[in-house]
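Chemist: My structure is below; once you've seen it, I'll send some questions.
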Amino acid sequence: MMKQRSFCTSLWQCYFEYSTPKILVIRSFKVGTLNRFTQALVIAYIIGYVCVLKKGYQDTDTVLSSVTTKVKGIALTNTSDLGLRIWDVADYVIPPQEENSFFVLTNLIITLNQTQSRCPESNSTGFYCTSDRDCRVGLRDTRGNGVQTGKCVNYSADVKTCEVWAWCPLEMDAEPPVPPMLGDAENFTVLIKNSIRYPKFNFNKRNILPHVNTSYLEHCVFNRITDPDCPIFRLKDMVTEAEEDFQTMAVHGGVMGVQISWECNLDMPSSWCVPKYTFRRLDNKDPVNNVAPGYNFRFAKYYKNGDNQETRTLIKGFGIRFDVMVFGQAGKFNIVPTLVNIGAGLALLGLVSLIRLHWTYFYKAPF
């Protein structure tokens, strides 16, 4: 019974006890210098890096974005196959709208007046033959252009290949023209409309800034010095800023990146939140590993002649695809991250005491 009462008394006394740490004054130039130097480093880290550089007093949000584009320009070509021809936006922007990107046709290989009929398979596919026994009826091969009929026919005076049922005449396996047929595309312009939102802060903005009016848009072209706020870009200027030559790139095509950065400090006036544009080439242009360079695809335009026979014009199109990529982060003062970062900084000051004790113990500094 006495032991139980003694335990309760001790517990009661511990509950109402209050203790303070013992303060030890160390009179040492070395220890004092190390102490103040360490404190200065911690304070510089808190103020300079956490608060000023990283803005640790702010809450942050990532950008939500939408992008639309509109290309304008006229090109003129004069070839033996097509004659004199005008190309407008309906001809060279394929497809008319894409998500956060657009494609501009710059070069092409054209095969005219194809019909579904029989013709010799191309000699580039390896379907050589000497007799009908070398060909299989109904054979389909991903390297070929059609379905084999089982006959061995003359491809040229000294070469025979298997006959196929396909769109004939077959597409010519040739290099794209140099210079590119639509080299005038370097002077085309594109209007990039970008709307962004930071939902946490209920903040909206677009790259057509408030001071930009209709009359200005009708004449401006983006220039970093004279017109940095203009959302209309000349294709050649974008490629040049990526340290590429437009006419060279237009031969085989390629992929360009248009990067729009929205880094916004919402503690400042909203007019300070403006987009920054950068451009770079995204596809591989390694001069050693140059198999299948550039960017190309095939499409066809279909017709019916007077005999109601379907014909088509096959086009192997080369061009430049522009991918618009939007990045950004906004920050605004919030008491919670402010207190968290200040508290973390004060906790680091506790390291100063540990370093001082370490120095005192190992080096026996006088005190």
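Each residue, glycine too, has its Cβ placed from N, Cα and C.
Remember, TrEMBL labels are computer predictions, not curated facts.
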Chemist: Disulfide-wise, see what TrEMBL says Cys119 is paired with, picking from Cys135, Cys152, Cys162, Cys168.
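Modeler: Here TrEMBL pairs Cys119 with Cys168 via a disulfide bond.
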Chemist: Give me the non-local Cβ neighbours of Phe297 (ATP binding site): same chain, 6+ apart in sequence, Cβ-Cβ under 8 Å, ordered along the sequence.
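Modeler: In sequence order, Lys316, Gly317 meet the Cβ cut-off.
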Chemist: In this structure, which of the recorded positions Asn187, Thr189, Asn296 has the fewest other Cβ atoms within 10 Å of its Cβ?
Modeler: Asn187
